[in-house]
Each structure stands twice: as structure tokens, then as C-alpha cells.
Amino acid sequence: MSNRDEEKIGLNDNNNESVPLNKPGIDEESPGSWQDWDKTNFLLSIFNLMNAILGSGILGLAYAVKSLGILLYIVMLMGVAGMAFYAISLLLNMCQITGHRSYEQIAEAAYGAKGKLVAVVCISVHTLGAMVSFLFICKYELPPVVKMFLKIAPCDDTWYTDGDTLTALVVLLIVGPLAAAKDISFLGYTSGFAMGCMVFCTVLIVLQSSGIPCPLEPDMPKGYWQFMLQSAETECADTWGNLTKESYLDDKFDSDILAKYRSTVDFDLKNSSCSLAKPIAEFYHEVPEQSCESEWISLTLKSAYAIPTMVFAFQCHASVLPIYAELKQPSKKKMQYISTISIGLVFIMYLLASLFGYLTFKNSTGPELFVMYSGYMPEDNLILFGRVMVLICVIFSAPLLHYPCRKALIVGIWGAERMPGGNDFKWGTWLGIMTGILTSVVLMVIYVPGIKVVFGLAGATVATMLVIIMPAGFYYKLGPEPKDSLTKRINFVVVIAGIIFAVFSVGLLVYDMFSPKHEQPACEIMLESLEATAH
């Protein structure tokens, strides 16, 4: 490459960390100069980036601790966080080298139209998956919150306590209006508020770890026993006969253990049953076989979900460049400060919430942390407040993730001129794409089996592409060093390792998804637990 060519794409500025990332006159595809996007200050950019990272991950990573064990989880979480920061640094270098300010344009500079297409698909699928995971939390957490506020019995269902209906209303009344804005600068304020909510939830998880006993079963609420022992009409009648909650507990636990728990009023289980949301039902199935021992290292088929979930939890790279593009006086050094602070704070919150969440429920930990608190303490006011905080955070995170998804589709189909500030911007396109994305998200929330599937498949595929494979591939292709340099070789190895990881993880996930599973009635699970205790 000649010196003249290097000057054209900005290679000679590579070592100047104060040079703006979006230099006017370099990115011919993007409308206006970088001053046109000079809107968001340093602190609000940190909030926006943290909000782009943090979300459903804080509730799903406790399951990763269960799947990997405490020690292995900590090591892997540190590795994924370091990889996420390294990938952001590579993207910042690409901004300086190419002068482009979008992931798609960097991909096109590196690998042409095919690279741009891959980037558009990955960003779209990832952000769709992230929004689906956020709204899954709304689907399962919002109905019990509404029931508590309206004083509706947990087993009573109406149209306005249906999870699918409430999710659609949230998208229509809150997410849609916020996502319709032309830029994301104002979302820094909602992001700051959402981060405050997540800090509160993290503190709550830490505090509750010392207040919830182990084993849980003697102190489980009425809804648990209604679900597990069911009514006389079920197939459990022949198995249990006239067995009651009290006789079951007396057979399973020593009297000194039962004495530690509060006494509960007996109730008639005959003809009483309660349909539960799938995540709570799955949690209740785990309770009879709960162990109070923590595992330090664990490797099972379920571990295949753990690392993709962690990669998914740190995937903010589709949102990074839109956030950077709206930063006041953007420079590589300032962006690295923002990335370091954001990833560092999120890492601490992830670590605390996941470890203490796992230590609270041990091997009964499920894919959605607050579902377990809801199942154990359905009427606790502090837990209710924490659930409201989580809902606020994920609802405000959805518009922030929607922005890069829409941007990827518009730039991929029509080009950057159709974006706000461009000569060909049209509100019809802007709002039409938004409507299509949000409609797709709502349909996936209704029909996708569960959040664990979203975490696993999205983390193993598109998140791995965006966090590991593509940034390293960009630098290998466009970096100023020769191909045989140590830096280029390291990035090549990262690309190969990312591909191997993705293929291996997807294979395990697909195998687990299609493996035959025997659905046991709740009473049989309790009976097996009772027999295991007797031996």
C-alpha cells in the first residue's frame, strides 16, 4: 500500500489517540461531518454503553455459575470481559484507519459487499435476540407484579394479566415511542435511571443471599404445594394417596431442620391446582432435589449454555459505534476510557449478582434469577420492588438496542444517506422498519420456547461473530502491520478460535435441544427425592 493510499484512509493517524474518530471529509458515505453528531457528554455515554451491555445478562448468569461451577465461571467471565474490551479497542482502531463510523461500513471496507451483508445480518439477529430476551423478562415478571398491585389472586387470570398481552402493550406504549426518535442522545437519561435500578437489584440479590434458607422446601409458599401435590383428579393421586405436605416433610427432613422454619397454616389441597408460568414451574421441579453444597467446577451438557450466555451478556459492539458517533469531541482515548469504565462496572455487577444468586439457590438455580425469588417469596414487598426495578431497566434497554438493529437494516438496504441527517432520510422508512422489528420481537416472545434458548443460540452464533470473530478479522485485513507480524498472527488465531467455539457450542446446543426429555409429573419428582433421602 502506498503512502498516498495510507493517507487516504487515515493510517498515518493511527497513533494519534486524540484525532476524532469521525473525521469530516473521510467517510463519504455518511452524511454531514462528525460535528453534526456532537450531542452526548462523557457521563451519558457511559450510561448508554452500560445499558447496552447490561440487561438480561444480570439475571441469566447465575445459571452459568451453576453450569460451570464457581471457580471455572469466574475465570471464564474474566476472559469474556477481556475479550469484549479487546474487540472494542479493535473497532476503535478500525474507525481511525478507515474513517468510517459504523460496524457495517468497517465490514465493507474489510471484506466488501459480502462483509457488509454478514455484519448487517449479525447485528440484526443479535439485537433482535437481545430485545427478545429483555421482553421475555417482561412476559414472566410483569403479570405477577400487576396481580400484586391490583390485589388479584396468583391463580386467577384475566386478559390484562396475560404475559403476551402485557408485553405487546409495553412495546406499543413505551418501547415504540422511545424507539421512534431520530437519535439516541436523550436515552442517556433513561439509561442512567435504568443503571440505578440495576445497582439496586444487585444490592438486593447480595442481601437476600443471607436471608433465604437452604433447603428451601420446608419454607416454600402455598402455591408450591398446590402445584407439586395437585388435585385428586391428577395422575398423582395413585402415587401419593392421602399424603399431605406435613407427612412429606416429616418423612424427608429431620425435626431439628423443620424447627428452623416458620410454621405455616395448613390448607386443603383437594381439588386445588394452580397453573404456573413455565420458568416458575421449572424452578419448583428443582426444589425437591436441592443440594446445599456449592460446586467449584462443573462440566456437563448444560455447560454448553454457559459460555455463549456470557458472550451474549457482554455483547454491546453493535451499539458501540452509534454511541461513539454521538459523543462530544470523539477520540480513541476517550472511547477507551468509556469502554473501560463501562465494562469494569458491568463486570462487577455481573459477578456479584450471579455469584450471590447462585449461592442463594445452589443447584436449583434456573435461567431467570428473579423468577426464583418470585417463586419463593411471591408476596415479599422488597422482592416486588426489585422486580419493578428489573422491568424498568429492561424496558428502557429495548429502545437502545433497537437503534443499531434499525440502523443496520437501513444502511444495508438503502445506504447511510437514508439515516437521519442524510439527504434521503424518510420518516416512512424510519418508522416502517421500527414497526417491522418490534412486531417480529413480540411474535418471537410469544412463540420462542424460553430465554435459555435465546441466550445459548444467540451467544454461540451472532454474539460470537460480533465480539470475537469479526473485530479480529477486520484488524487482520486492514491493520497497518505486515501479515506475518505478531499482532496479525494473534488476531488470526482469535478468528480461528472463535469459529471453533461457535461450531462446537452450536453442536452441543442443538444436541441438547433435540435430545428426548421425559417430562415427569411433579409428584414423581417429589417421590424420587423422598426415596433418595431414605437411602
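Backbone N, Cα and C define each Cβ position, glycine as well.
For 1-33, the entry in TrEMBL reads region 'Disordered'.
Look at TrEMBL and you will find 1-10 tagged as compositional bias 'Basic and acidic residues'.
The domain 'Amino acid transporter transmembrane' annotation in TrEMBL covers 40-210 (among others).
What TrEMBL records for 42-64 (among others) is transmembrane segment.
Annotation source TrEMBL lists transmembrane segment at 70-92 (among others).
Residues or ranges marked as transmembrane segment in TrEMBL: 117-138 (among others).
Distant neighbours of the transmembrane segment (158-179): 135, 138-140, 142-143, 146-147, 150, 152, 187, 190, 277, 395-396, 398-399, 402-403, 406, 434-435, 438, 441-442, 445-446; these residues of the same chain sit at least 6 beyond its ends, with a Cβ under 8 Å from one of its Cβ atoms. The transmembrane segment annotation in TrEMBL covers 158-179 (among others).
Among the features that TrEMBL reports, transmembrane segment is placed at 186-207 (among others).
Sequence annotations record features per position, and here TrEMBL assigns domain 'Amino acid transporter transmembrane' to 301-507 (among others).
Beyond the transmembrane segment (305-325), the same-chain residues lying 6 or more positions past its ends with a Cβ under 8 Å from any Cβ of the stretch are 21-22, 34, 37, 40, 45, 48-49, 52-53, 56-58, 60-61, 63-64, 67-68, 73, 76-77, 80-81, 83-84, 87-88, 91-92, 95, 101-103, 122-123, 126-127, 129-130, 133, 184, 335, 339, 342-343, 346, 350, 400-401, 403-405, 407-408, 452, 455-460, 463-464, 466-468, 471, 501, 505, 509, 512. Taken from TrEMBL, the feature transmembrane segment applies to 305-325 (among others).
Per TrEMBL, transmembrane segment is recorded for 337-361 (among others).
Positions annotated as transmembrane segment by TrEMBL: 381-401 (among others).
The transmembrane segment annotation in TrEMBL covers 427-448 (among others). Within its own chain, the transmembrane segment (427-448) is flanked in space by residues 128, 131-132, 135-136, 138-139, 164, 167-168, 171, 175-176, 179-180, 182, 398, 402, 405-406, 409-410, 414, 418, 420, 454, which lie at least six positions past its ends and keep a Cβ under 8 Å from the stretch.
Same-chain residues lying 6+ beyond the ends of the transmembrane segment (454-478) with a Cβ under 8 Å from its Cβ atoms: 56, 60, 83-84, 86-88, 90-91, 93-94, 97-98, 103, 106-107, 109-111, 118-119, 121-123, 125-126, 129-130, 132-133, 136, 304-305, 307-315, 317-318, 367, 448, 487-488, 491-492, 494-495, 497-499, 501-502, 505-506, 509. The transmembrane segment annotation in TrEMBL covers 454-478 (among others).
According to TrEMBL, the feature transmembrane segment maps to 490-511 (among others).
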Between the transmembrane segment (70-92) and the transmembrane segment (337-361), do 3 or more CB pairs sit under 8 angstroms, pairs being 6 or more residues apart? yes
Spatial neighbours of the transmembrane segment (117-138) far in sequence, C-beta under 8 Å, 6+ residues away: 55-56, 59-60, 103-104, 106-108, 111, 163, 166-167, 170-171, 312, 315, 318, 368, 370, 390-391, 394-395, 397-398, 401-402, 404-405, 408-409, 411-412, 437, 440-442, 444-445, 448, 450-451, 454-455, 457-458, 461-463, 465-466, 470
Ranking 70-92, 186-207, 381-401, 490-511 by Cβ pairs under 8 Å to the transmembrane segment (42-64) puts first 186-207
Cβ pairs under 8 Å between the transmembrane segment (186-207) and the transmembrane segment (70-92), at least three: no
Near the transmembrane segment (381-401), which same-chain residues lie under 8 Å Cβ to Cβ, leaving out any that are not at least 6 residues past its ends? 48, 51-52, 54-56, 59, 127, 130-131, 134-135, 137-138, 141-142, 144-145, 148, 170-171, 174-175, 178-179, 181, 184, 187, 190-191, 193-195, 197-198, 200-201, 204-205, 208, 318-319, 370, 373-374, 441
